[in-house]
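Novice: Below you'll find the structure I mean.
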């Protein structure tokens, strides 16, 4: 514990990056998995946890404030349940309004250049379901192509997703394990412990901390 | 006629008053005529319940007049008088003088004495405050130029009664018996004058410095009836003082009223004296009705009819001409002239007064009283004729004149009422580039809004002509945001009747008001407190740790549920509910509402799409298989 703290201190002066977690869950109060995940990462140094449904229950997103937040952070996380192979509507609303032409994309839209983006998702389906042969027919990575492309258009780097499969069936100890994984990934990204090559190539962020899903 | 017991008389008078006034009200004839009719019916010429003793009763009932003048005095706020000084002293005073002069000269040319001519002229120049104010407020005309001018003239006439009361004894040829009650007969002229002046000064000083402390002392007992007793005592005492010094009691109490108009007890005094005034005045009008001599009228029927129409026409013409000089415009002039064309209840008072002093011949008084009564009865009819026949013709001309410069400014939205509700709507629309035509009857607000470039019409929005001028025929939406539910409802019925193409969005005060509006056929109803209460509730839930989005949706769900139950409950609303006390009705309704809240499945089981319980079960089963 002590040594970890020292590393943190050390990295703070070197390469410590800031992380913005944009969390979107319409019924967070009913989600056990997300409660466990968020409990771990909501009070970390250089990590900003931003609960979109709490901030904008009426979907009236404050674009200026959101853009300021983006500018202040290096790594952006879309943290959400994987509803209908996508995000809950507020995150889409957020993308539509905040990622403005001329600001986030377009020839003059360079404000997000070189920032990193990835999705942290909880999915009801298992790893096998998200395969060509599975009943979802596509992999998570394939289904997330719109986000990959969004990052590309905004001149950001798109990282692989952190995924919690079978979210409905997890037992408390399993949830706790995923929460620890999430913490490791977020702090690892913040402290720059991962290799950039591995990051870009991996299918799941889970692989980087030695917890890959397998068939 | 045999002598009837006091109780029998009381029963006859009260019953006739209740029935008579009720019928008259339903016929739109006004309270005064109701009393008169009641008097006629119980009088010697119809049922004969009351006979000669009616005359004695009249003296008691005359005290109602004394009280009326006290209340009139109370209502004469110096501020109000000052603000309206131009209209009262100009328009009002001129109307009284010119009309008196004209009618007086006619009377003189018909062979009346100069004293009688003066009395007749001045008495018939007065209009009926009760009927005019009632009708104008019923028709929402009080705030218009016509209404304000009419009010000023009525005020001037009320004030004019005082000098008339003082004048009649001076021009009297015989001194009535009543006057012998005066205790100052033994003094000589200048002493008498001195005593009279001292009495008046006494009333003023008393009203200014003594009454306040007395009322404060009495009100400490917290006994309402004691306060009432004090108020009555004061009026009686002043009246008695006036009789002692040989002046009119009405004059004295009027003066006391004016002195007290600015005191803190004004409203309390008014509400205490008012029922006595009302009943005694009612009694007075009944006795007037009972003493009308139909034999005289019957034998002079053509004289009576021609007098009624001649006098009303003459009065209306004088008013119409005067209105031109006081900035009353177009259709307002006609409304103004027509509204004041009748003779008023003061005539009954002054005629009986003039009769006591034998200024006018009693037979003539009888004839003229019936003329006055008939003209009062005709007032609602005259208003109707004016509205249906005269104004429409007049108004079409008006519209043509105006259409030229207004047509390109027509707005699609009309906001009726720009008070604390309407102003938010209006500002919101304007912030989104939608200009609205505003109708409001607060002149200060109108001035301010005009400064900011709003298109504002001053006046009561529920007036047909104003709505027309505001472009109601070409508008699409009317937002009804007037201050009282009553006003909103009136507005709705006007719009439904004359501008059915307009979409109505109406503010509602509460549930009951919403029901009224729904029954009036309004589709878009906005209860003024619901949204704000729910927002407060939402914030309270948030402070208790509920998720913002959950509370937000809960509020939307609740609103939907509440509006649905509004629709359901209106079906249960029956007419007999007006007999249940309002409070009880409200509680029962609240009970219904709470029960519905508990039963509504939407509230309990919404957001099923997000609920993973069922899914979880199915998946667990699948995993086990």
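Any Cβ shown, glycine's included, is placed from N, Cα and C.
Those TrEMBL annotations? Automatic predictions, nothing curated.
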Novice: Need the matching range: TrEMBL marks transmembrane segment on one of B:31-51, B:388-408, and I'd like to know which.
Specialist: B:31-51
Novice: Mean pLDDT for the domain 'RCK N-terminal' (B:410-526), rounded to an integer?
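Specialist: Reported value for the domain 'RCK N-terminal' (B:410-526) is a mean pLDDT of 86.
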Novice: With Cβ distances under 8 Å as the criterion, find the stretch in B:88-110, B:116-137, B:232-256, B:276-294 that has the most pairs with the transmembrane segment (B:365-385).
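Specialist: Checked against B:88-110, B:116-137, B:232-256, B:276-294; highest Cβ contact count belongs to B:116-137.
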Novice: Of the stretches B:6-24, B:57-76, B:301-322, which racks up the most C-beta pairs under 8 Å with the transmembrane segment (B:88-110)?
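Specialist: Per the Cβ count, the answer is B:301-322.
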Novice: Verify whether three or more Cβ pairs under 8 angstroms connect the transmembrane segment (B:276-294) with the transmembrane segment (B:31-51), leaving out any pair fewer than 6 apart in sequence.
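Specialist: Per Cβ check, the transmembrane segment (B:31-51) touches the transmembrane segment (B:276-294).
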Novice: Can you tell me which recorded stretch out of B:6-24, B:57-76, B:232-256, B:276-294 has the most Cβ pairs within less than 8 Å of the transmembrane segment (B:149-172)?
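Specialist: By Cβ pairs under 8 Å, B:232-256 leads among B:6-24, B:57-76, B:232-256, B:276-294.
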Novice: State the residues, same chain only, that lie 6 or more residues beyond the ends of the transmembrane segment (B:6-24) and have a CB under 8 A from a CB inside it; answer 'none' if no residue qualifies.
Specialist: 30-31, 33-35, 37-39, 41-42, 49-50, 53, 57, 282-283, 286
